[in-house]
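Enquirer: Pulled these features from TrEMBL for this protein:
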- B:33-270: domain 'ABC transmembrane type-1' (DOMAIN)
- B:30-53: transmembrane segment (TRANSMEM)
- B:74-92: transmembrane segment (TRANSMEM)
- B:138-164: transmembrane segment (TRANSMEM)
- B:185-209: transmembrane segment (TRANSMEM)
- B:249-270: transmembrane segment (TRANSMEM)
Amino acid sequence: MRKIILSTAALAISASMAMAQDVVRLGTEGAYPPWNFINDSGEVDGFERELGDELCKRAELNCQWVTNDWDSIIPNLVSGNYDVIIAGMSITDERDEVIDFTQNYTPPDPSAYLAMSEDVDLEGGVIAAQAGTIQAGYVAESGATLVEFATPEETIAAVRNGEADAVLADKSFLTPVADEDADLMIVGPDVALGGGVGLGVRESDPELKATLDAAIQSMKDDGSLNAMIEKWDVASTF
Amino acid sequence: MFSYCADPDTLSGLTWLSCYLTTGKHMQFYLSFGTVLLLLAITAPSALLFGFFGAASARSRIWPVAWFGKGYIAIVRGVPDIAFFLFFVIALDQGFEWVRHQVLCPDWDQPIRQGNDFIVCAQAKLPRGNTAQWVHEVYGFFLAVLTFSIVFGAFAANVLFGAMRAVPHAQIETAEAYGMSRRQTFWRILVPQMWVYALPGLSNLWMVLVKATPLLFLLGIEDIVYWARSLGGTANPRFTEYPHGDWRMWYFLALLIFYLGFTRISEIYLERLMLKLTRGQATSGGEAQRKVTA
């Protein structure tokens, strides 16, 4: 066993010498279109792919994409398996205690309910949400019965098969779903949650945070961020 | 893949399907079958090795060794798998990095634990931050194999521990009467005979291991279940050239067939192995074999 460890280490060292420039690893979920998803050729794609690549170009970082399960996305960041979370993660106080966020790259944006009919009971019914999201936290406090699922896809499936009356998620995620399926519709008023979406970085990594903050600011200043938001239709613009 | 796949919107029927099933994403799905099989091929023998040492040390007459073996079996068997795979791997990774940090960066003056963060010097990171993605993946795979081996090794240790005790005591006593040392008795009498008692338990473990591979995605390794879920999920025309509804059922059906087939093949081989191990044993199976040949 020690031999394997040593040879892995040797591999890692020899490979690292080939690339002198520092690599910043970007962790995402890859299951939340249009924010991030795996495209037909099996690569990370979507709004955040384009945004991340542009931010890295502006900050002159050499970036690498990694996908990780949503449930373990924060533990893996603080443990140093990647350096940035770029996964449509809303800035909340609870998360801010564990990791640091850059300034938001989309404004605080509405969440919405998606259901099979207009007259569902949003206050007392059964509402689906992805586990560990701000929407799940909101439903739990609202008095409705919360059913949680590991992936966004399963929350929609739960509404289709009647397990849940409605699903609460980012409106930008639900709108293309509702457009595509005649049975599903956005219902009720929008709900404003969170402080916008930001990049998650380790609290001990203030330099990277400052670099990325500056890159986001420059994209905000020249309007390219707004153009990108409109292209992917993920949120309202700044 | 094929030249006619350039514009999938115009295709239909089998041509569409042939293009759809050969996208890069599907290729990664097919490749992940290889990942899973490779993981099984490496994990099964190494878990058996862990199990063997666990069982041997649990039987030891030196009490610290026996305590270690018994503690290993009890603790790992008691902790839920999902907790193990969520946190143990991160702890294991941090453990390696901590050791490397102590060796490589003795002059480091900052604390390793800063709040929630785990910070080691850049040289100690495993793999190093600026290595290629495939190195990270190989390392992740290695961690997965090690974790699986430790977990399943504990179960295997328990099975082997029982199997060692199931070997008829008269055999051991006879060996001692012949003047064999404890070590000789263990290797010449106990170990060759225990397998027949261990195999039913071990074959169960193998079947559980085959189906435990979806835990891989918790370790960041994209296994067949991850890809089936990702490919089968509703494909919105805005984000793909091959839109379709919720096809997860079909993908999981394909996985079901794969797992059932794999189970059948395993059963055939395990049955053959059982026949082989039974030969000449003082068990009812061995007795039956003896009568047939006699």
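All positions are counted from 1 along the displayed chain.
Using N, Cα and C of the backbone, Cβ positions are placed for all residues, glycine too.
What TrEMBL says about a protein is an automatic prediction, not a curated fact.
How buried are the listed features, and what sits near them?
Expert: Through the fold, the transmembrane segment (B:74-92) approaches residues 143-144, 146-147, 150-151, 153-155, 158, 212, 215, 218-219 of its own chain, all at least 6 residues removed from its boundaries and within a Cβ separation under 8 Å.
If you look at the transmembrane segment (B:185-209), the same-chain residues 6 or more away from its ends with a CB under 8 A from one of its CBs are 40, 43-44, 47-48, 56, 148, 152, 155-156, 159-160, 162-164, 166-167, 171-172, 175-176, 263, 266, 270, 273-274, 277-278, 281, 283, 285-286.
Taking Cβ pairs closer than 8 Å, the transmembrane segment (B:249-270) reaches residues 33, 199, 203, 206-207, 210-211, 224-225, 228-229, 231-232 in its own chain, all 6 or more past its ends.
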